[in-house]
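**Q** Sharing a structure, written as structure tokens. Questions coming.
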Amino acid sequence: MDSRNQLIVAILLTSACLIYCAQYVTVFYGIPAWKNASIPLFCATRNRDTWGTIQCLPDNDDYQEIPLNVTEAFDAWNNTVTEQAVEDVWNLFETSVKPCVKLTPLCVQMECNSTSTESSNSTSEGSTVPEILNETTSCITNNSCSDLGSEEVVDCRFNMTGLQLDKPQQYSETWYSKDVVCDTTNGTSRKCYMNHCNTSVITESCDKHYWDAMRFRYCAPPGLCLLRCNDTNYSGFEPKCPKVVAATCTRMMETQTSTWFGFNGTRAENRTYIYWHGRDNRTIISLNTHYNLTMHCKRPGNKSVLPITLRSGRVFHSRPIINERPKQAWCWFGGDWKKAMQEVKQTLVKHPRYRGTNDTQKINFTQPGKGSDAEVVYMWTNCRGEFLYCNMTRFLNWIENRAHPQRNYAPCHIRQIINTWHRVGQNIYLPPREGELVCNSTVTSIIANIDMFDNQTSITFSAEVAELYRLELGDYKLVEITPIGFAPTSEKRYSSAPQRNKRGVFVLGVLGFLATAGSAMGAASLTLSAHPGLYWAGIVQQQQQLLDVVKRQQEMLRLTVWGTKNLQTRVTAIEKYLRDQARLNSWGCAFRQVCYTTVLWENNSIVPDWNNMTWQEWEQQTRDLEANISRSLEQAQIQQEKNMYELQKLNSWDVFGNWFDLTSWIKYIQYGVYVIIGIIALRIVIYVVQLLSRLRKGYRPVFSSPPGYIQQIHIHKDWEQPDREETDEDAGNSIGDSSWPWPIAYIHFLIRQLIRLLTGLYSVCKDLLSRSFPTLQLIFQSLQRALTTIRDWLRLTIAYLQYGCEWIQEVLQVLARTTRETLASAWRDLWGAMGRIGRGILAVPRRIRQGAELALL
């Protein structure tokens, strides 16, 4: 019996635990969590030149950053922000420096003569004494520095149909010798074609444009955010950056395009650091600003460019030579380059990815091998719309102090046909503009590949222009805020949930929304009452900022790709917010910050640590469960709506006014009419059946005729009976006048039939009740016995529990009494001992005095 009772108690306790310890899915809206995004960004700039303002929005410098106590993965090469920067700078570059279409007709044979045999790219061995230039060197101003010869050019003539289409006309044009392909005849006159004639297909007209260095920043669309790794040890790839800040916009970035070096960058600091690709040897090295590294480029000369008309609508630019330096240019480098390059080597040795020699004497700067594209072999840069190709051989000799001619300047030449740096192909540009061209830049970075072999390390300059923008923006990443989260709680929908404390949140737009990203889940959930409003306020704020700059910039109406992308960012966040609200509505949680549900949390192995885990960490663990949880919530909401509909139908009669609503009654009136019609039809069928059965037995129908019917009705003979003397003829009239009319009797008959019908129905119902009552009585008796058994069991269980509680109470009382007595006894003993010790100490002087007295006696 005792074991049985113990088993019952255990079952009850287990059931109670299952009921009260169950975990239910709770929907939180407004959590500080995010995921990687690839939505297009929009740009903002302070430049006011024509193409800059068309391509980007005006910059208002109203941007903030807040630190987040989280860790996040960053990769400068696998990055949406840097990929967009590369693509967008290419589009800006193509927009500002347009390829020219007027050269397409020159895919014809030309007769060319060389006009100069000197080359600026001279590789002949000269003096090994370094020739170093500075701002005061005289050859800079008069263009007389050594090793700077004239460019090799060819003067070509070709025939084309001009204004008169039936008569060919001869034209003249001067080319840089490397822009044409000629035969190998030994004579002074050669047959030549334009280089890349068959691959350069251009379909738009162009004018001569140029661009200066332009800076712009990227801004996240409303509802999204930019994260930045603020760790000084970040080197382009970091799985767990410990210092993360949130921002709405990036810093300003430079749009200079060049190979080998990066110019005027915004990431240069008073130190040297290296961004290293996570999987190969590609690097971008940021140079120390302390060494003040600069590059000054110059194209001397004063050359006129005169247009000639080939035919109507086609104008070609002729280039008659005025001086002896056509297309000639050169660049000299200022600053302490040798110390800067030595610091680069020392920084490379300390880099965690470096596995080569630690001896900086065996680390050398090298240029790419011959045979590559000109943009790889030479340092390629853009100077006011002109493309310079500079031979850096003697400059590298000077840096590495090699036993070869050393110069801190490099001869350059200008080309019209260049290889595109972002896509495969060639572009043809207009001839150099007239007059002298001067460009001054600050060298801020080096694009290089690190090659380690045979205890030697080569820092090979690279032509990966895109690496410049990975250095500029590689510490950023774009994330999409995911404000909806799921977590298990013990609260069930419609249960009495405890009141949540509200905590004020400072308003920083979307950045304020992420302010608690590093807090524990329990602390962050306390601010959810303010987060959705803050989230929406941040979206509205960003939308308003974007709308304001669009209104300030009327040139936006003329945009193509960039403008469309900028305008599309205005609807991105609204769509996301409405999509989130639609999801919440499908779960029955619309416009709620914390929404309890009736869906059980089935993954008991995945439980959040509310005191130590952030929402971002929790979301990463439960992201795979989101689809199943969402589907379960939708099914629960559908069932809840069905239940509510049925309950509303039952509760509609609780309102007294609904009883007078005809629409509520008409349905039941229809049911009543159907019942009456059914009873009447059934009665008619029964009567017809009975009538047919009587006819078969020989009875005459009751309603065969009125006279027959009257004959079957009892007639009172004492009413106006005729005299016996009357004749037979008068009998009929006397009968008709002295009898009851047959319709009245028929009504009496119907009344009797109706009474009989009702009596029959009453008998049937009474019989049905009499037969059902014993069955119901048995059911009620069984139910009564079951309730009695449950009552007795509950009484017994309660008695056991009371007995157990009384026993436990007695044990506790005995324990308390024993403890109290023990402590009291111990205290008395301790107090007595302390008293004896104290009296002994107080008696010491008396004992001393007594001893002294005895000694004196």
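Just so it is clear, glycine is given a Cβ too, placed from its N, Cα and C backbone atoms.
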**Q** Under Swiss-Prot's annotation, the disulfide partner of Cys383 is which of Cys229, Cys241, Cys249, Cys439?
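**A** According to Swiss-Prot, the disulfide partner of Cys383 among Cys229, Cys241, Cys249, Cys439 is Cys439.
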**Q** Of the cysteines Cys182, Cys192, Cys249, which is paired with Cys219 in the disulfide recorded by Swiss-Prot?
**A** Cys249
**Q** Suppose you had to name the range Swiss-Prot annotates as coiled coil; which of 123-151, 616-644, 703-731 would you pick?
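**A** When 123-151, 616-644, 703-731 are checked in Swiss-Prot, coiled coil belongs to 616-644.
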**Q** Look up region 'V4' in Swiss-Prot and report which of 68-90, 390-412, 804-826 it refers to.
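**A** Checking Swiss-Prot against the ranges 68-90, 390-412, 804-826, the region 'V4' one is 390-412.
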**Q** Would you kindly give the Cα-Cα distance separating Asn364 (N-linked glycosylation site) and Asn455 (N-linked glycosylation site), rounded to the nearest Å?
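**A** Their Cα atoms are separated by 12 Å.
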**Q** Need the DSSP three-state call for Asn159 (N-linked glycosylation site) to compare against my parser.
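**A** Assignment for Asn159 (N-linked glycosylation site) reads strand.
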**Q** Where the distance is taken from Cα to Cα, which of the glycosylation sites Asn36, Asn159, Asn230, Asn391 turns out closest to Asn628 (N-linked glycosylation site)?
**A** Asn36
**Q** Fill in the CA-CA distance, Asn358 (N-linked glycosylation site) to Asn78 (N-linked glycosylation site), as an integer in Å.
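**A** Each residue's Cα considered, Asn358 (N-linked glycosylation site) and Asn78 (N-linked glycosylation site) end up 30 Å apart.
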**Q** Select the closest residue to Asn78 (N-linked glycosylation site) from the following glycosylation sites, measuring between CA atoms: Asn281, Asn364, Asn612.
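**A** Answer for the nearest of the glycosylation sites: Asn281.
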**Q** Using Cα coordinates, what distance in whole Å links Asn281 (N-linked glycosylation site) and Asn364 (N-linked glycosylation site)?
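**A** Distance (Cα to Cα, whole Å): 15 Å.
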**Q** Would you count the other CB atoms within 10 A of the CB of Asn36 (N-linked glycosylation site), including those on all shown protein chains?
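**A** 14, counting other Cβ atoms within 10 Å of Asn36 (N-linked glycosylation site).
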